[in-house]
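Asker: Shown below is the structure under consideration.
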């Protein structure tokens, strides 16, 4: 299959050819891209191809779901997250999925393609929404378990909404952190208070390896920062729960004081995908406030050997069938120590991106071309992952729910699941410090 860079360039050229009739005497598609005629044609093409239309599934639980963004401290040392939560109603407008064009430019950089690819992606997906009520009021009257969520390499806070919304619909508050360690394709902060007041964002883009630079030191340093950012996000949310006055730098309509006395402080977990899965492991080893963790298709390369024995909390690995490889599984198995609660399942026919919203946002052709979809239906894959997660969370957070109806999924008992792993590690000589299993882009 073609590399993702060639995929993106192929799609770009195809779109340009369809909407811009090439005149080889006057070929200037970059100048033409801003014209109303070009935009109109590309939008017609999108409609015909069924691209960029919201298909992100609604939550399957009984709660309506709200969504907002929170930024505490405008600097790049502060906390930035997207919050999903049970809401009083869902009559607010749906949430814009990817809210700034710079995220698309960051994704094009992550793919190693021309910035024009980011422009086209913005046209495809820039108006797409996700089914959560923007700035809706928190549903009051009960305390909710809290989940901190960590995104993968090249991702950002908004593109795991299918997971966040479903968990919130089952009665969780989910805080999806946007990391400032250089692993997000894009993120932003403000340089000073005056920049905040006029909305002048300072953008941080993906930190790439320099020529001759070793990867492990960079990724391990990023991993440690990610873990600190997850713990910092937890501390801030618990401060709000205690009634400490805080200001959301983004000055949205959502009243942060609603969160006072809303958190069940004994029921806190962490979930993450890929690099975020490694972040789950690092965070559990450092912060005992997290009662358990779930690593979705974890990329284990950044984890130092000293960490594996320092995780007393229950840990659940949910893997895709096509991403994992022997050295990565060997690292996971280092976590399986005596008297430690560990579980692992693999979703048959799934790919790494089955955990990311792009698997729902694209047609079958585009999905298969970019490996955003596997052989399994995307809705089935995310449903299995979410239900197994809920069952695991009920057991280890002591929830009084009915999620134990899915206990069998935690054991891999379903025709779409494999107990443990599909990867054979027998006699595999893993050279762990020189692994070639680099995490693929979230559009791969």
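Note: Cβ is positioned from N, Cα and C throughout, glycine not excepted.
In case it's useful when we look at the structure, here is the feature table from Swiss-Prot:
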- 1-21: signal peptide (SIGNAL)
- 60: N-linked glycosylation site (CARBOHYD)
- 200: N-linked glycosylation site (CARBOHYD)
- 274: active site, nucleophile (ACT_SITE)
- 297: active site, charge relay system (ACT_SITE)
- 352: active site, charge relay system (ACT_SITE)
- 424: N-linked glycosylation site (CARBOHYD)
- 434: N-linked glycosylation site (CARBOHYD)
Asker: Taking each of 60, 200, 297, 424 in turn, which of these recorded positions have a Cα lying within 10 angstroms of the Cα of residue 352 (active site, charge relay system)?
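Answerer: Hits: 297.
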Asker: How many whole Å apart are the CA atoms of residue 60 (N-linked glycosylation site) and residue 200 (N-linked glycosylation site)?
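Answerer: Distance (Cα to Cα, whole Å): 38 Å.
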Asker: For residue 297 (active site, charge relay system), just count the other CB atoms lying within 10 A of its CB, please.
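Answerer: So the number of other Cβ atoms within 10 Å of residue 297 (active site, charge relay system) is 30.
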Asker: Report the nearest neighbour of residue 200 (N-linked glycosylation site) in space among the recorded positions 274, 297, 424, comparing Cα positions.
Answerer: 274
Asker: So, three-state DSSP: helix, strand or coil for residue 424 (N-linked glycosylation site)?
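Answerer: Coil, per DSSP.
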Asker: Report, in whole Å, the straight Cα-to-Cα distance of residue 424 (N-linked glycosylation site) from residue 297 (active site, charge relay system).
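Answerer: So the alpha carbons of residue 297 (active site, charge relay system) and residue 424 (N-linked glycosylation site) sit roughly 16 Å from each other.
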Asker: How many Å lie between the Cα of residue 274 (active site, nucleophile) and the Cα of residue 424 (N-linked glycosylation site)?
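Answerer: About 20 Å separates the two Cα atoms.
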Asker: Which of the three DSSP-derived classes (helix, strand, coil) applies to residue 200 (N-linked glycosylation site)?
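Answerer: Where residue 200 (N-linked glycosylation site) sits, the three-state DSSP reduction gives coil.
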Asker: Among the recorded positions 60, 274, 424, whose Cβ has the fewest other Cβ atoms within 10 Å?
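Answerer: Across 60, 274, 424, these recorded positions, the one with fewest Cβ atoms within 10 Å is 424.
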Asker: DSSP on residue 352 (active site, charge relay system), three-state: which is it?
Answerer: helix
Asker: Give the number of CB atoms, excluding that of residue 200 (N-linked glycosylation site) itself, located within 10 Å of its CB.
Answerer: 12
Asker: Looking only at Cβ atoms, how many others are within 10 Å of the one on residue 352 (active site, charge relay system)?
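Answerer: The answer is 27.
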